[in-house]
Structures are given as C-alpha cells and as structure tokens.
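K.L.:
This is the structure I have questions about; it appears just below.
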Amino acid sequence: MSKIISLGIWALGFLLLASQRHSPLLSNMGLSVLAYKATAFFIPRVGAAFIRRGFAGKDMNKIEKRVIPETMGAVSALVYFMCMILFIPILFYKYLVPERSRDQQDDQLNVLNDGYASVAKTQFPHDQLGAYLSAVISILSISLLGIFDDLFDIRWRHKFFLPAIAAIPLLVVYYVDYGVTYVSVPTLLRPFLKRTVVDLGFLYYIYMAAVAIFCPNSINIIAGVNGVEAGQSFVIGLVVLCNDLISVFHQSNTEAMRAHLLSIYLVLPLIGVTAGLLEYNWWPSRVFVGDTFCYFAGMVLAVVGILGHFSKTLMLFFIPQIFNFILSVPQLFGFVECPRHRLPRLNVKTGLLENSYTEFTEGIPLPKKTLLTIRVFEALYLIRVDWDQKTKKPIRCTNFTIINFVLYHFGPMREDRLTLCIMGIQLVVGIFGLVIRHGIAPLVYPQDSI
Ligand code: UD1
Ligand code: MG
C-alpha cells in the first residue's frame, strides 16, 4: 500500500511538472513534490557513506546514544539546487520557445525563429533572471559555510557575520530593481509626525543584512531535539507560502505580485526538501540535519523575505527565534557560562526530556553581572534557578533557550512531543503574523500595498 502511495506521489510530481507550458507555478509544485521524494530517496542511501567520511553525531537524548549520519541538510540543499537550476528554463519558457503550429514549413520556422530570437532578446526579463540567480548564489554560499561548519566546527564569532556577505548579491538586486527603503507611519501617528512614510535609506540595507545574519543563526540555536530544526523550518516555510498566496490573490500591484511569485518559487522546493528530511530526522531520528541544513533553510527564508519585499513581515514569523535569541543573549555574550550543548537532558528512568542546567562551581564567587542576570531572568519566569538554602548562592540554572523555557513551564515531555510543542508555537505565531499583516496592518497602513 505504501509503495502505491509513493508511486502516486512520484506520478503527481511528474504530472504537475509536465504542465509547464501552462503555468510555471504548477511546474514548481511538481518539482517540489519530486524534491520531497528525491530527498527521501537519497538520504537513507547516502547515510553510511556520510558516516565513513566523518559526518556523524551522537544522539544524546537516547539511552544507547547511537551514532547516526549528520549533515543530511547537504542532501536537501543539493536537491534544492537541482530544482532551482531545472526551473530556470521552465520559468522563462515563453521567452525561449516560439509559439508555432505543427504545419509550419521548415523555412518558415527558420524565419520565425530568427524573428523570435530578436524579440526574445529585447523582451527577455533579465532583471527577473538576475534576482533569481542572486538568490541561488546567496543560498549556495551559505550552504557551503554550513558544510564547513559541520566539518570544522567553526567558532560562532567567526561565522556569525558571513551571511551578510552572502547577502550582498541580493541587496544589489534589491537596490537596482526595487530600492524602496521607506517604512510607512501608522495612521494614528501621522498627524504628530506630519508624514506618511519615513525613509531609512542605507539603514534599511543594514536591516536586510541583519535579517540574513539572523535567520540562519537563529534556526541553528533552536536545536538538539530530534526534528526541531527541520520542523520549525517546515512550519515557517508553510506560513511564508500562505503569506505569498494571500498576497498574490489580493494584490492589484503587479510588482508586488511578481515579488511574491518569486518567493513561492523559492519556498515551495524548500518545503519539499524539508519534508523529505523530516521523514528521517523525526523522532527517533535516523539522521541529523547538521548546521548545513540550519544555514541553508534560514538563508532561503531570508532570501524570500528580501526578494519578496516582506522582510518586516518575515520577522513576525520569526518571533519564536527572536524570543530564543533574546533569551540566549546572556549565554551568547558571556554574562552566564555557556556550555557547548544546551539541549535538554534525558531522564533514563522516565524516558522524558528534562531541563539542562548550567552548574556554578562551589566556592568560586560569581561576577555581579552573572548574579544580576540570573535574578532578573528568574523573576521574569524565563529560567529556573536552584539556590543553596544556607549560603543563598545559586547552585545551577536552566539553560537560556526556548526549549528549556517550554520544559520549565510545561514539565518534562517525550522528545517528539517537545518538537511538536515548538512546531505548535511556531504555527500559532505564524497565524498571528498573517492576521497582523493581512487583517490589521491594512487598517493601520492604508497605502502600504506590499
Ligand atoms: C547548537 C546550540 C547548542 C545545542 C546544539 C544542538 C547554541 C549557542 N548552540 O550548537 O546549545 O546543543 O545546537 O544541535 O544554542 N544532537 C542531538 N539530537 C538532535 C540534534 C543534535 O543529540 O536531535 C546533537 C548531536 O550530537 C549532534 C550535535 O547535537 O552531533 C550537533 O550539534 P551542532 O549543530 O554542532 O551544535 P551547534 O550548532 O554548534
Ligand atoms: Mg547546529
């Protein structure tokens, strides 16, 4: 039965792809279905070879701590790039192939082709191809960084800013093709500020570079629980797709429609390859996604936000990652010690995941900034701190991550439930973001069409 369903999915993919003469969107859907199947096909077949080359990791939240293949995001990324490249002639099909009827003579065809070639040259949308290729270059370079990170465990301060360099092609295309750097002022504030828009100029480009830095890194630090890296990316991908579809069907502005269509072409295959990966990364994981996947998926999402002209809306969908980043600041910036791994710990007796802790060495006085930080975060119910009743000194505190925050408030849970919980939060936040963008924002920013 499962074989029949699998064959059916392959067939559906090819059928949709074959419809390319009518709609690049349907073909892109077909390619994405095939991308899902191809990723799920290759992952189990290349796992052993990855382990032999050293791409392997220990599944820390299992009793037996098995070693399984890591860096499987490289397979997703590779399949994704295949799709991107195959899609180029499909997207520009109408500019590449002349319309012709079967009964035309050869010589007539030659004349027609010559004529067509010159028309194609003048009408070919080089700007669209430029935008598309800049997306591919940015995603490709950041996936390379991910592979190097999985190979050499690069320090985070060394790799942190690299996505901004990878984003340069995107920013150049944005500048040349679109160039909008203003933000609308909400209706209520307009009488006070006496203007409808504020131009951020160069700062807007800094903001977009920051988005490119933030997205890949923020996915990489909500990690360490089976399925959570791919799960959050999958949900954000779906939410971005909904945002694009709503925009495409409700926009009268062709510029905005084109931008959102481009975003769909980039995000649909991401959803496909992530679903294929998730099949093997879901609890109990048979493979790990690696930093390669986190960077790759994060960059695709940043790219669609920038080229789709909705980088501000995108940040609404990244609220869980923003929360996790703000929560992580004390550990990332050394106010509180940051262990190499902050993932939760398995209680072997119950089989449930519990909070992981940062332990404070007895007898070594803690710096004032550490004490102040843990007191403030404890008072805000963001972390739990165990205090020594006699000395009134902290013994340990839960690690500063959204995963530990969920375990602190909802109690220990099985690994897959924890992933589902994070995905659930991501989905609720995504729906909230869509309501804000499409329900409330039009009332507050009446002229903001994109
Ligand atoms: C980030 C987190 C780190 C977390 C790690 C888990 C920060 C600053 N860094 O580090 O706290 O522990 O991700 O990925 O927040 N692993 C599992 N189960 C999983 C996924 C991963 O046990 O479901 C383990 C495996 O041993 C795997 C390793 O995590 O080999 C991968 O860690 P890596 O991606 O190298 O960690 P970082 O991204 O540096
Ligand atoms: Mg990682």
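Glycine is no exception: its Cβ is also placed from the backbone N, Cα and C atoms.
Under the heading signal peptide, TrEMBL lists 1-20. Taken from TrEMBL, the feature transmembrane segment covers 31-51, 72-93, 129-148, 160-182, 202-222, 234-250, 262-280, 292-310, 316-336, 418-440.
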K.L.:
Are there residues at least six beyond either end of the transmembrane segment (292-310) with Cβ under 8 Å to its Cβ atoms? List them, or say none.
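P.N.:
For the transmembrane segment (292-310), the sequence-distant neighbours (Cβ-Cβ under 8 Å, at least 6 residues beyond its ends) are 71-74, 76-77, 80, 131, 134-135, 138-139, 142-143, 145-147, 149-150, 163, 166-167, 170-171, 173-174, 178, 180, 208, 211-212, 214-220, 223, 229-230, 233, 236-237, 240, 243-244, 247, 256, 259-260, 262-263, 266-267, 270, 274, 277, 318, 437, 450.
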K.L.:
If you count every Cβ pair below 8 Å, which range out of 31-51, 72-93, 129-148, 202-222 shares the most with the transmembrane segment (262-280)?
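P.N.:
The stretch with the most close Cβ contacts to the transmembrane segment (262-280) is 31-51.
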K.L.:
Which residues of the chain, 6 or more past the ends of the transmembrane segment (72-93), have a CB below 8 A from one of its CBs?
P.N.:
20-21, 24, 27-28, 31-32, 34-35, 38-39, 42-43, 46-47, 50, 55, 124-125, 128-129, 132, 135-136, 139-140, 143, 146-147, 150, 265-266, 269-270, 272-274, 276-277, 280-281, 287-297, 300
K.L.:
Quickly jot the same-chain residues contacting the transmembrane segment (129-148) by Cβ under 8 Å, restricted to those at least six beyond its ends, or write none.
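P.N.:
Distant contacts of the transmembrane segment (129-148): 71, 73-74, 77, 80-81, 84-85, 88, 91-92, 154, 159, 162-163, 165-167, 169-170, 172-173, 176-177, 212, 216, 262, 265-266, 290-296, 298-300, 303-304, 307.
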K.L.:
So what's near the transmembrane segment (202-222) in sequence-distant terms, Cβ-Cβ under 8 Å and 6+ beyond its ends?
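P.N.:
For the transmembrane segment (202-222), the nonlocal Cβ contacts are 138, 142, 146, 156, 160-161, 163-164, 166-167, 170-171, 174-175, 181-183, 228-229, 232-233, 291, 294-299, 301-303, 305-306, 311, 314-315, 318, 320-322, 324-325, 328, 401-403, 422.
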